[in-house]
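Listed features, source TrEMBL:
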- 68-92: transmembrane segment (TRANSMEM)
- 153-175: transmembrane segment (TRANSMEM)
- 195-215: transmembrane segment (TRANSMEM)
- 227-243: transmembrane segment (TRANSMEM)
- 255-279: transmembrane segment (TRANSMEM)
- 332-356: transmembrane segment (TRANSMEM)
- 368-385: transmembrane segment (TRANSMEM)
- 441-461: transmembrane segment (TRANSMEM)
- 468-487: transmembrane segment (TRANSMEM)
- 515-540: transmembrane segment (TRANSMEM)
- 600-664: domain 'CBS' (DOMAIN)
- 697-755: domain 'CBS' (DOMAIN)
Amino acid sequence: MVNAGDMNGSGNLMDFLDEPFPDVGTYEDFHTIDWLREKSRDTDRHRKITSKSKESIWEFIKSLLDAWSGWVVMLLIGLLAGTLAGVIDLAVDWMTDLKEGVCLSAFWYSHEQCCWTSNETTFDDRDKCPLWQKWSELLVSQSEGASAYILNYFLYIMWALCFAFLAVSLVRVFAPYACGSGIPEIKTILSGFIIRGYLGKWTLLIKTVTLVLVVSSGLSLGKEGPLVHVACCCGNFFSSLFSKYSKNEGKRREVLSAAAAAGVSVAFGAPIGGVLFSLEEVSYYFPLKTLWRSFFAALVAAFTLRSINPFGNSRLVLFYVEYHTPWYMAELFPFILLGVFGGLWGTLFIRCNIAWCRRRKTTRLGKYPVLEVIVITAITAIIAYPNPYTRRSTSELISELFNDCGALESSQLCDYINDPNMTRPVDDIPDRPAGPGVYTAMWQLALALVFKIVITIFTFGMKIPSGLFIPSMAVGAIAGRMVGIGVEQLAYHHHDWIIFRNWCRPGADCVTPGLYAMVGAAACLGGVTRMTVSLVVIMFELTGGLEYIVPLMAAAVTSKWVADAFGKEGIYEAHIHLNGYPFLDVKDEFTHRTLATDVMRPRRGEAPLSVLTQDSMTVEDVETLIKETDYNGFPVVVSKDSERLIGFAQRRELILAIKNARQRQDGVVSNSIVYFTEDPPELPPNSPHPLKLRRILNLSPFTVTDHTPMETVVDIFRKLGLRQCLVTRSGRLLGIITKKDVLRHMAQMANQDPESIMFN
């Protein structure tokens, strides 16, 4: 034993914490990071590298490598995300067609690829070629008739069930986090929450494989949301290769923000829309540097996808369209009506889907995820097959609805009655009366619309990867196309009405129904997600319709206004609240006149605050306090009588520090004094070796006075990303407010259940 006098005299008391030890500065699972601390740690690291770079050429090169590591990570994310998206697109194309038939020359060819290679395909029958055989032709040598239809129907359902069962089994066994859209969790992670394994390698692998299976199964879901999750998994993987990002949770989140942009870039072929989506919808902290890097990652990802060319049309997306007619002011009215429809559909979907997901969580239904997926897949396949518009993949459906009717179109939607005397250029066909095919298509689309609206409510949120962008766009595109055909026929038959007289003369090409489908798709997607700026940019990048920005803006803004009138939450925020994640939404306003003293703990009648003193507690006292409480950290005060605040110590770092001290420092025993000051306290002779823990003490914890308005406190938590904030009066500690307390108080003020906030 060394007495205190000897130690003071020698002046070489070792503060073993001057050497960083493993795991210090890391966080436990399901906890929130301290943004201020991460920022200051990065500033210290940067200062150290800058000062060292002047010492030698090697250190200067190391500093350059450190500066460039961010761009290297972005390059790698873009390359991997683009490659995975291309592979997913090609695999989905093949497996979707596999439900209906197989290519005899090479079974890995999709229907389209199979007929490309055939020399016997004519233009009129371009979907029929000898090399592609339906299952009925292959198995019973019949292509027409009731038996062939029933066999094809049965095999369509069996393939769909097989794909869905395989997907849900893989998710359950290997990566439970691979289910869902992923965007609500990505938003929560980017706000500073830790969910270990959510962005892991297994999740990346299983999500990529199962995404192909579920989209091919014909379920009413898309791959766009999950592609953002896949890209963020790529970002997390490459971050772990560079210590600059792997050791700093704040810096890692900058990379994940850029990865989210790359995900949307490859999902929609919209690099600029991806950057804006990350900025508007998912990111919590988005400095200018991240904006540039997101742009670079999105560019590389889009370039990689373009190189793979999965759709064979030299475009980044399946539904690239070019319209040849301008839009007219009178058309703004139906566009705004579509916006109203989008807002109402968004509200209906969010309410019904959240009610169903809540029921899934709180009843026995949630115990049978595999059965639920099988039942929904069976219902989807049985109802979808008879209707040609629901049988095909949703992306192909949207592509057909967006298309303008040219002279070469063979779709039912283009079955107009032609004027035999028409001699006009191919791309400028005048409005014509609808033929029987258009009327058949209209009632089939009406049935498809009802089916999509209902089935999507039950599909989103199951234990499989499921995106919402494509089903929402499909609902809007169907409604939009029907409205477009209605307006077109109205203009044709009543061109002498005052609203049509100025711009729609007989024989003119006035109304483009495909444009209405595009506007409807934007309106419904906006109603569900509440996106505005990024949505319009994604839509015009997606379709190439730069001229139609105003109709898209009108529909997007209208749908947001209408949906916001019924509730401010988009689908992702609603799922965040349903799961109880601690997410402080920047968009939420807090207008109640409460004070910090109303929210802080301990409240009246509760046990006093658990605190550490600066130099009067033993190791055993500290360990007992840690064992008996489950708090994330403890304020450090001068003494329990004065309660004057010194700093704040994190629970995890206290545990690690004491554990390491017992292993590495001689003489530390249970009754050793723990002190947080610069100099050791005066101790009696022969007392055990004291333990200095000043290194882990945060000497500048954020404090507010007890009379600070909660409006200000909420703003501080939101803008600085705090975990906790101490409440003082005249320098004396009164209590503590954590992020969880703030969220619970906000829920209480909004007449919601405060216990729904589960995590800290």
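The backbone N, Cα and C atoms fix where each Cβ goes, glycine too.
TrEMBL labels come from automatic prediction, so no person has curated them.
Contacts between the transmembrane segment (227-243) and the transmembrane segment (68-92): present, as 3 or more C-beta pairs lie under 8 angstroms, all at sequence separation of six or more. Sorting the domain 'CBS' (600-664) by DSSP state (H, G, I as helix; E, B as strand; all else coil) yields 24 helix, 17 strand, 24 coil. Highest Cβ pair count under 8 Å relative to the transmembrane segment (441-461), across stretches 68-92, 195-215, 332-356, 368-385, 468-487: 468-487.
The average pLDDT computed for the domain 'CBS' (600-664) is 88. Using a cut-off of 8 Å between Cβ atoms, the transmembrane segment (153-175) and the transmembrane segment (368-385) share at least three residue pairs, counting only pairs 6 or more apart in sequence.
In this chain, the transmembrane segment (195-215) does not touch the transmembrane segment (332-356); fewer than three CB pairs sit within less than 8 A of each other, excluding pairs fewer than 6 residues apart.
Only residues 6 or more beyond the boundaries of the transmembrane segment (195-215), in the same chain, are considered here, and those with a CB under 8 A from a CB of the stretch are 29-30, 84, 87-88, 91-92, 95-96, 163-164, 166-168, 170-171, 174-175, 177-178, 182, 185, 188-189, 221-223, 226-227, 229-230, 232-237, 256, 393, 464-466. Taking H, G and I as helix, E and B as strand and the rest as coil, DSSP gives the domain 'CBS' (697-755) the counts 24 helix, 19 strand, 16 coil.
Same-chain residues lying 6 or more positions outside the transmembrane segment (515-540) and placing a CB less than 8 Å from one of its CB atoms are 264, 268, 270, 272-274, 276-277, 279-281, 321, 323, 327, 334-335, 338-339, 341-347, 349-350, 398, 401-402, 468-469, 472-481, 483-484, 487, 546, 548-549, 551-553, 555-560, 562-564, 569-572.
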